[in-house]
Amino acid sequence: MDNDNSNFTLNYNNVQDLDEEFEITEISSLYNNNEETEYQYSDDISDINIDIGDVNDFRNYKNRNIILQKVIGFFNSLEKVYCPDEALENLKNYKYNSVDKSYVSKYILKPYWEFCTKLFPLSMAPNLITLTGFSFMVINLIFVIIFVPDLESPTSSWFYFSCALGLWLYSTFDNVDGKQARRTKQSSPLGELFDHGCDSLNCAVGSIVEAAALGLGQTYYSYIFTMITIFTFFFSTWENYYTGCLYLGYVNGPTEGIILGTIVMMLSGIFGVEMWWKPLSYYLGTWVESIVTEKCKLVDVLLIFMFLFSFITQIPITIYSVRKACQRKGESFLSALTNTLPFLIYASSTFFWISSPYTTVLTDHHILFTITIGIVFGRIATDIILAHVSNRPYPKFTTLIFPIVLGAFLINIPSIFHCGPLLNATGELIFLWVIFGICCVFYFHWAISIIRRFCKYLDINCLTIKHRVVF
């Protein structure tokens, strides 16, 4: 065959209803030594016979490529939906603003953080410090899954000390990253977004680790612990959007809360996790039973304290601050309150799911459930920060909420329609794994897309320093 005829179009005999023609390159070499394929070449190149199986294989291969290209094209098209060009233009107006009233931070931890900052090389990017700090919590999560999958069973003391160390290192790195950014002249809106993104994911990760350290088990205790953390973080982020300032009070979660969590884990390592489940009278004497019931345990006091700290002091203050900010800007406070509705739908859905008598989340796969709702919350909270740093309207609704709402509905179908359960224990577990996978794919695609858009526009790298300042 001449090279001049190596590329040509074939009409296939004995193959009906082909709706397209295929261009075949080097047909002679492609079908060489194929005993099942017969072909003839003549001046009339339309007279060629080939095996129909080869044609179908080629068509299937081409169709798979088309489907793959469409999927990739779909995800690529979402990048500008996640972060439109006008949002990038607004980054030039970005300015970080925060207030920390904590005396512990100011007089004790600040010198410690300054010392730790100098331990990092100037070549290390601030976001890499953030990610490294978060990785300590992820390692602790892996330890929980391996050694305390039921979030209850006592284990070796080193586990609890590891959890305490991981939480403390996470907090240290979380406070050092901003100082490293100013030290290396690398402050950017991506830094705030990346930092708060990791913090929002840690609401679920950290609560699982703390639940294991307290021996809370796959119970309402663990769920309440998680939701207290999530509620506090959400309203702080909501306040940040409307006031333009991250406000940390005289007693706050990122400082005193972290210290308390670290001490709790260390105590579990020293005295055993059983200490939290002894009645309060064991520590204070029988007189305390005249005030509380004999069933009141030390862990109950700890959770009540956390609840009061969050819902009596922290959240009301954030609502008051947003109200003042709206009045100052001439904006509707009612509109700001209404914007919390998607989050409240998300939180309510998690409660209706876990409280259903037909769920097995509280007995078999609480960790998977918590991680899944944690990823969804990470998207909710980080979306608000994205709107804040890019000066965009408050995000009305996050589509990742839908799988949680759907799960709560499916589990409660017997209660709603007075019929038999739609999902048994295995079905619920499969459903959980499916929505976990979906949430992971869409969350991390969203996060990576935003990072790529920010890096390209700001001409920076995420985890390395692209333009180093000479000191």
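Keep in mind that glycine also has a Cβ here, set from the backbone N, Cα and C atoms.
All TrEMBL annotations are machine predictions without curation.
Long-range contacts of the transmembrane segment (128-149) within the same chain: residues 120, 155-156, 159, 162-163, 165-167, 169-174, 176-177, 180, 191, 194-195, 198, 201-202, 205-206, 208-209, 212, 367, 463-464, each at least 6 residues beyond the stretch ends and with a Cβ under 8 Å from a Cβ of the stretch. Annotation source TrEMBL lists transmembrane segment at 128-149 (among others).
The feature transmembrane segment is assigned by TrEMBL to 220-238 (among others). For the transmembrane segment (220-238), the list of distant contacts is 151, 196, 199-200, 203-204, 206-208, 210-211, 214, 246-247, 253, 299, 303, 306-307, 310-311, 314-315, 318-319, 322, 336, 339-340, 343, 347, 350-351, 354, 362, 366, 370, 373-374, 377, 380-381, 384-385: same-chain residues at least six beyond its ends, Cβ to Cβ under 8 Å.
Among the features that TrEMBL reports, transmembrane segment is placed at 258-277 (among others). Sequence-remote contacts of a segment are chain residues at least 6 beyond its ends whose Cβ falls under 8 Å from one of its Cβ atoms, and for the transmembrane segment (258-277) they are 104, 154, 157-161, 163-164, 167-168, 171, 206, 210, 213-215, 297-299, 302.
Sequence annotations record features per position, and here TrEMBL assigns transmembrane segment to 301-322 (among others). Residues 214, 221, 224-225, 228, 231-232, 235-236, 238-239, 242-243, 247, 249, 251-253, 264, 276, 280, 333, 336-337 of the same chain lie 6+ residues outside the transmembrane segment (301-322) yet bring a C-beta within less than 8 angstroms of a C-beta in it.
What TrEMBL lists as transmembrane segment is 334-354 (among others). Beyond its flanks by at least six residues, the transmembrane segment (334-354) meets 220, 223, 227, 230-231, 234-235, 238, 242, 319, 322-323, 326, 361-362, 369, 373, 376-377, 380, 394, 396-398, 401, 404-405, 407-408, 411-412 of its own chain at Cβ-Cβ distances under 8 Å.
Summarising the annotation, TrEMBL assigns transmembrane segment to 366-387 (among others). For the transmembrane segment (366-387), same-chain residues at least 6 beyond its ends with a Cβ under 8 Å from one of its own Cβ atoms are 83, 87, 144-145, 149, 151, 192-193, 196-197, 200-201, 203-205, 207-208, 218, 222-223, 226, 230, 233-234, 237-238, 240-241, 342-343, 346, 350, 353-354, 393-395, 398, 400-401, 403-404, 429, 432-433, 435-436, 439-440, 442-443, 446-447, 450.
Positions annotated as transmembrane segment by TrEMBL: 399-417 (among others). Through the fold, the transmembrane segment (399-417) approaches residues 342, 345-346, 349-350, 352-353, 356-359, 372-373, 375-376, 379-380, 423, 428, 431-432, 435, 438-439, 442-443 of its own chain, all at least 6 residues removed from its boundaries and within a Cβ separation under 8 Å.
Here TrEMBL flags 429-448 (among others) as transmembrane segment. Listed by sequence, the residues of this chain that lie at least six past the ends of the transmembrane segment (429-448) yet keep a Cβ under 8 A from its Cβ atoms are 75, 78, 82, 197, 360-361, 364-365, 368-369, 371-372, 375-376, 378-379, 382, 399-400, 403-404, 406-407, 410, 423.
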